[in-house]
Amino acid sequence: MKTSILILAAGLGTRMKSQKPKVLQELCQKSMILHILKKAFALSDDVSVVLSHQKERVEKEILEHFPKTQILEQDLQNYPGTAGALRGFEPKNERVLILCGDMPLVEQTSLEALLGNNAKLNLAVFKARDSKSYGRVVIKDDGVEKIVEFKDANAREREINTCNAGVYVIDSRLLKELLPLIDNNNAAKEYYLTDIVKLAKEKDVMIKAVFVDEDEFMGINDKFELSIAENFMQEKIKKYWMQQGVIFHLPQSTFIGVDVKFVGECEVYENVRIGGKSKIINSIIKSSSVIENSIVENSDVGPLAHLRPNCELKNTHIGNFVECKNANLNAVKAGHLSYLGDCEIDSGTNIGCGTITCNYDGVKKYKTIIGKNVFVGSDTQFIAPVKIEDEVIIAAGSTVSVNVEKGALFINRTGHKIIKNYYYKKFQK
């Protein structure tokens, strides 16, 4: 049976206390709504999102990554609430999966289990450790009797710890029949989607409760819950990669972006941050290093190194306090305290301490190209654009602003001068 998916993302998100819409808050370097959409499109080709607050901003983010998403707009002024969000929604398939845009931890396998039940109305529920302000689910004879919103629950109903996760699977025809019957006769004067349970019961529809994991189905409403959710996601990411053979030393101290990939035998030490679409292949990343959108193959990086975006390292050693950006390094050694930006450096080359590629003139950036088996002495500056051919020696303390031919020695120090007894003349009273 084919399924249409509707994601509710029209809320104001005031508890997040941010100018950024709630569903655009990031977990592991990806917006909440994008986490949900990835799982939704894995299950269906008919996916819609309901927006309202900062609609244009959220819509732009969604369509940039998932251009086939259908965007709907909720009239919050006249039809507030979760049922109000469904006005104008026309599913293409026989049933509808309704999700919340602030549930980025939900796994595809859990949604598949929910869809595996053939009841006309299924809802995800969980046993809450702390029921807080969740809607309470009253279950009787293996079926759902009703859902009571916290604001409308009496003292006895508030003692129930079976709570509504806010995720539903409903027959499309049943939804079309019952949705117009939902009113706003409640404390909040909102149109509650939960009322569809009561209406379905009145028509003797069997309603099935599917128990799910509370942590996985948590809704994120503020920055504290955002941090909790990101910790959960980090644990999942690192657990997955450890099961694939990656070694993490003190994994709780490292941050791995959701789009990062590891290949082969890799080792990651404490306090490392790897983000973007970085790919680490058979490499060691040592303590307190940062890697952003870069490829590292058969190399070791760090400690205390920084690979900014668009670096590609192969068979290379990058030591402490070395920063690279937009750098292609093949079998290179850069042991310490250097900046290598907008450059290509070939095999066998050694970069001395304090080397800088001066790539920016205040308007435009330029490239430094260094060939094979070049020895670069300490405290060297390359004034780009500049090309150093193979088997060149650059003397320590050089400022290189011209191309250097193969096999040459480059040196441009000024002559030295020694003034005897100068110290005593300057400081003697």
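In case you wondered, yes, glycine gets a Cβ from its N, Cα and C as well.
Swiss-Prot annotations:
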- His336: active site, proton acceptor (ACT_SITE)
- 8-11, Lys22, Gln74, 81-82, Gly135, Glu149, Asn164, Asn221, Arg308, Lys325, Tyr339, Asn350: UDP-N-acetyl-alpha-D-glucosamine binding site (BINDING)
- Asp102, Asn221: Mg(2+) binding site (BINDING)
- Asn359, Tyr360, Ser378, Ala396, Arg413: acetyl-CoA binding site (BINDING)
- 1-223: region 'Pyrophosphorylase' (REGION)
- 224-244: region 'Linker' (REGION)
- 245-429: region 'N-acetyltransferase' (REGION)
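Where Swiss-Prot records a feature, it is marked here on the structure.
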| residue | record | DSSP (3 states) |
| --- | --- | --- |
| Leu8 | UDP-N-acetyl-alpha-D-glucosamine binding site | strand |
| Lys22 | UDP-N-acetyl-alpha-D-glucosamine binding site | helix |
| Asp102 | Mg(2+) binding site | coil |
| Gly135 | UDP-N-acetyl-alpha-D-glucosamine binding site | coil |
| Asn164 | UDP-N-acetyl-alpha-D-glucosamine binding site | strand |
| Asn221 | Mg(2+) binding site | coil |
| His336 | active site, proton acceptor | strand |
| Asn359 | acetyl-CoA binding site | coil |
| Ser378 | acetyl-CoA binding site | coil |
Recorded positions compared (Lys22, Arg308, His336, Arg413) - highest count of Cβ atoms within 10 Å:
Lys22
Does Asn221 (Mg(2+) binding site) have same-chain partners at least 6 apart in sequence with Cβ under 8 Å from its own Cβ, and which are they?
Gly13, Arg15, Met16, Lys22, Asp102
Would you identify which of the binding-site residues Asn164, Asn359, Ser378 has the most other C-beta atoms lying within 10 angstroms of its C-beta?
Asn164
Residue with minimal Cβ packing [other Cβ atoms within 10 Å] among the binding-site residues Leu8, Ala10, Ala396:
Ala396
For Arg413 (acetyl-CoA binding site) and Gly135 (UDP-N-acetyl-alpha-D-glucosamine binding site), determine the Cα separation and express it in whole Å.
77
Across the region 'N-acetyltransferase' (245-429), what does the pLDDT come to on average, as a whole number?
96
Acetyl-CoA site residues Asn359, Tyr360, Ser378, Ala396, Arg413: biggest Cα-Cα distance, Å?
23
How many other Cβ atoms are found within 10 Å of the Cβ atom of Tyr360 (acetyl-CoA binding site), counting all protein chains shown?
12
From the recorded positions Leu8, Gly81, Asn164, Arg308, His336, pick the residue whose C-alpha lies nearest to the C-alpha of Asn359 (acetyl-CoA binding site).
Arg308
Can you tell me which of the binding-site residues Gly81, Gly135, Asn164, Ser378, Ala396 is spatially closest to the residue listed as 'active site, proton acceptor'? Compare CA atoms only.
Ser378
